[in-house]
Amino acid sequence: MFHLLAGLGNPGKKYELTRHNVGFMIVDAVAKQFHFPDFREKNEVLISIGNIGSHKVILVKPWAFMNNSGAPILSIVSLYKIPLNNIIILHDEVEIDFCTIRVKKNGGNAGHNGLKSIDSLLGKDYWRVRFGIGHPRQKMGLSCYVLSRFHNLNAVSNTISYIAEHITLLLENNHLTFMDKFKNLPKYEDIST
């Protein structure tokens with residue numbers, strides 16, 4: 001049985017390294033960490049299938065804009081008959097401090113349009129890895145903020161690498177142990193936000 005790790009983001013060079021694309025960045029790090037084959041396009045997603053330990057895993061980056069993430073993810077879930085408990089969505093979260101990680105199942109979407117799209121098609125009974133991007137400090141609209149680039153890329157890269165190194169814990173349903181791994185990470189700031 002497959003597990004699905006789907007990172008949320010927007011397609012295209014314009015959005016690379018932006019806060020809203022941190023889900024794509026995490027999926028890329030997992031692919032590199034576990035030597036997955038190159039991504040290929042299928043059903044409006046970029047997809048790579050491989051193994052993480054004893055788990056068969058499908059890595060997905062929806063190749064649709066954030067607000068329309070649900071349909072491409074649903075197509076892969078349906079095609080491979082993936083149970084909701086085996087779905088992990090990786091995404092940015094403004095309600096959480098910068099580079100802080102939280103894991104959650106069910107619950108609200110905190111206004112995240114990608115999650116709204118997924119919830120409308122799959123329901124809410126899937127796992128989420130929420131990567132904190134914090135709130136803008138300057139007078140910047142939220143949409144401008146999430147579509148802007150990170151300033152402290154070193155902190156983002158370190159946190160993403162840590163997620164990739166410990167992702168097996170999530171596949172084994174050790175969500176609390178996964179969260180414990182992040183308790184002792186340094187607190188970072190995304191300067192100039």
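Yeah, the Cβs are placed from backbone N, Cα and C, and that goes for glycine too.
Positions annotated as site 'Discriminates between blocked and unblocked aminoacyl-tRNA' by TrEMBL: ASN10. Around ASN10 (site 'Discriminates between blocked and unblocked aminoacyl-tRNA'), the C-beta neighbours below 8 angstroms that are at least 6 residues distant in the chain are THR18, HIS20, ASN21, PHE65, MET66, LEU147.
Taken from TrEMBL, the feature tRNA binding site applies to TYR15, PHE65, ASN67, ASN113. Other Cβ atoms within 10 Å of the Cβ of ASN67 (tRNA binding site) number 11 in total over all chains.
Per TrEMBL, active site, proton acceptor is recorded for HIS20.
What TrEMBL lists as site 'Stabilizes the basic form of H active site to accept a proton' is ASP92. The 10 Å shell around the Cβ of ASP92 (site 'Stabilizes the basic form of H active site to accept a proton') contains 25 further Cβ atoms across the protein chains shown.
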Distance check, please: Cα of ASN67 (tRNA binding site) against Cα of ASP92 (site 'Stabilizes the basic form of H active site to accept a proton'), rounded to an integer number of angstrom.
14
Cβ-Cβ distance under 8 Å, sequence separation of 6 or more, same chain as TYR15 (tRNA binding site); the residues meeting this, in order, are GLY9, ASN21, LEU147
Non-site residues, in chain order, whose CB comes within 8 A of the mean position of the CB atoms of TYR15, PHE65, ASN67, ASN113 at tRNA:
ASN10, HIS20, ALA64, MET66, ASN68, SER69, GLY114
